[in-house]
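These notes are about the structure you will find just below.
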Amino acid sequence: MTSAQNISPLDQARILSEALPHMQQYDEETIVIKYGGHAMGAEETAKAFARDIVLLEQTAINPVVVHGGGPQIATMLKRLGIQSEFAAGLRITDAATIEIVEMVLAGSVNKQLVGYINEAGGKAVGLSGKDGNMVKASKTSRTMVDPDSNIEKAIDLGFVGDPDKVDLTLLNQLIGYELIPVLAPLATSHDGHTLNVNADTFAGAVAGALKAKRLLLLTDVPGVLDKSKKLIPELSVKDARKLIADGTISGGMIPKVETCIYALEQGVQGVVIIDGKMQHAVLLELFTNQGTGTLIHK
Ligand SMILES: Nc1ncnc2c1ncn2[C@@H]1O[C@H](COP(=O)(O)OP(=O)(O)O)[C@@H](O)[C@H]1O
Ligand SMILES: CC(=O)N[C@@H](CCC(=O)OP(=O)(O)O)C(=O)O
């Protein structure tokens, strides 16, 4: 890795100077950043991410962080001997599982990230979508074609939700007051149950409601990859839909790309999927001229 010592002082100054128009572009704007559970696995990278978030806040950008935690939930469920399955990329969440999901997402994962941001000098506030009645959701309904009978069947995902209303009262008390919201993807159903929401979907709903300037989805791959595993730097909504239909985009990448499409429809201007395992991916994406991952556009 090239350290700052290997770069001449003039080049260091040029890199900093290159950031100026980007900082001006995002001045006072809200940027939603989704940090995936896989990406936050390595402590050093997670701490570098936290530093980047504080740097954004320091440059008069309003970052809102949404985190995942799929692998962390899986580890805890395994430790407790609870089986877990996915259907249509979503965790089937029964009554025992939702307790663990909430414990891991709103408890350990959320507080660890809050701790890292605060250690870097920020003022992070850890919340879930249940706080302040922020995110109301309806139980997710999905269908799947049964491979034996070839008949489309409804799948019961249990306590899994799709957001249908985001109340910004609480977030508006934090944004613009140097406080950095760090959100766990949980919501309340209309009859008061806790629902597990895919973190990408949750981030899209929050970015759309906030009319965020940008949405960054940090994952564990360089972006959307084509059939030969090469990075696709730019993807139109039309082509993204084709790649989902032909199976090039599958699994966890489906809710990510669908979130990007939803956010664009809601007026979010720049929507990207980037590699969160790369240190300072957020700074590179926002403050330099080179985009790193996949930009999804209309
Ligand atoms: N076309 C594709 N390009 C990139 N990744 C893909 C693609 N199709 C499926 N994937 C899978 O999607 C995964 C990212 O989704 P997910 O595991 O849910 O990440 P996260 O924890 O960051 O939300 C990748 O690791 C990869 O296995
Ligand atoms: C319904 C559903 O599948 N919820 C996810 C929530 C966490 C998540 O999305 O985490 P990543 O971003 O790390 O994948 C789950 O239970 O794993």
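We count from 1, first residue shown onward.
Just so you know, glycine gets a Cβ as well, placed from its N, Cα and C.
Note that TrEMBL annotation is computational and uncurated.
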With GLY69, GLY70, ARG91 listed by TrEMBL as substrate-binding, which of these, ASN172, ASN196, is given for the same site?
ASN196
On average, what pLDDT score does this prediction assign to the domain 'Aspartate/glutamate/uridylate kinase' (30-275)?
95
Fewest other C-beta atoms within 10 angstroms of its own C-beta: which of the recorded positions LYS34, ARG91, LYS256 fits that?
ARG91
Near the Cβ of ASN196 (substrate binding site), how many other Cβ atoms are there if near means within 10 Å?
27
